[in-house]
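Below is one structure; the comments refer to it alone.
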Ligand SMILES: CC(=O)N[C@@H](CC(=O)O)C(=O)O
Ligand SMILES: [Zn+2]
């Protein structure tokens, strides 16, 4: 599965207003010492330079939704949206997606305005390499925590920049406003990446990682803000829910506060764990938060061939 040299890319600026990843990647492009590991080729890369320049999420369309087979196989031309052209270039450099030539690992660095702490995003419950890595990171940063969000879902999964790699990993750290750098958020992203690269080095040196289990939050549903018949938002995230990412939300618990002061309560079946609560970038996606359910995944042993 792994060739001799493990190829790793670190993406910053997939969204041009998420400053931690942009800043770290630019630092590492200047001086890569911190991210060098034995037997590992690590490439720091700014994925959406035009959005970074304008300090905006994207220019034409969301790059982190653009890596569909349809986009990647579209005949290239000047009329394509900027991010679709960029997705094709990224797929050429780091992919092709789904092929043996693709990069082994891509870390994609994001910030959120939600109070999610340092979240690892996993795209497949069957990715034992990533599960082992996440297990390693969780142990390394304890007693601090680092929740794993599993985005595997028949309808809600999206085509990310990192998905061109064999093992895609999203790193989502918040709360941090768009266009702003906060030292605590910046440092926690840096620390998680350090442990991740340490893991890859140990794996590359031939260390065997025994079977383990990893607690994850699996994406369950997306919740929109209450709206009037014209589609205008008529409520806010309820104060009891605001900033309570990863905490249980039970049927009957307050969810939204209408502008007229009344409370909208959660009416689902059973306990869910909301996250991406009040994420600024998701207003345009009609999403106030996502619900997740807790699950324990088992990772088989891994060892480099
Ligand atoms: C706030 C934000 O941009 N979150 C990312 C999550 C991810 O990378 O999977 C996104 O929507 O693309
Ligand atoms: Zn982002």
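Cβ atoms here come from the backbone N, Cα and C positions, even for glycine.
In TrEMBL, annotation is done automatically, which means it is predicted and not curated.
Taken straight from TrEMBL:
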- 6-200: domain 'Succinylglutamate desuccinylase/Aspartoacylase catalytic' (DOMAIN)
- 57, 172, 282: N-acetyl-L-aspartate binding site (BINDING)
- 64, 65, 158, 159, 160, 161, 162: substrate binding site (BINDING)
- 172: active site, proton donor/acceptor (ACT_SITE)
- 213-293: domain 'AstE/AspA barrel-sandwich hybrid' (DOMAIN)
On a count of neighbouring CB atoms within 10 A, which of the binding-site residues 57, 65 is highest? 57
Taking the Cβ of residue 282 (N-acetyl-L-aspartate binding site) as centre, how many other Cβ atoms lie within 10 Å? 20
For the N-acetyl-L-aspartate binding residues given in the record (57, 172, 282), what is the largest pairwise C-alpha separation in angstrom? 15
Could you tell me which of these binding-site residues, 159, 160, has the fewest other Cβ atoms within 10 Å of its Cβ? 159
Given residue 158 (substrate binding site) and residue 172 (N-acetyl-L-aspartate binding site), what distance in Å do their CA atoms have, once rounded to a whole number? 15
Where the C-beta lies under 6 angstroms from ligand 1, the matching binding-site residues among 158, 161, 162: none
What does DSSP give as the helix, strand and coil breakdown of the domain 'AstE/AspA barrel-sandwich hybrid' (213-293)? 3 helix, 34 strand, 44 coil
Span of 64, 65, 158, 159, 160, 161, 162 as binders of substrate, largest Cα separation rounded to whole Å, comes out at 11
Excluding 57, 172, 282 themselves, the N-acetyl-L-aspartate site's Cβ centre has within 8 Å the residues 15, 18, 110, 112, 113, 276, 279, 280, 281
Residues near the substrate site, 64, 65, 158, 159, 160, 161, 162 excluded, by Cβ within 8 Å of the Cβ center? 14, 62, 63, 66, 67, 108, 163
Taking the Cβ of residue 64 (substrate binding site) as the reference point, list residues of the same chain whose Cβ is under 8 angstroms away and which are at least six residues distant in sequence. 14, 15, 108, 158, 160, 161
For the binding-site residues 162, 172, the largest set of other C-beta atoms within 10 Å encircles the C-beta of 162
Mean per-residue pLDDT computed across the domain 'AstE/AspA barrel-sandwich hybrid' (213-293): 97
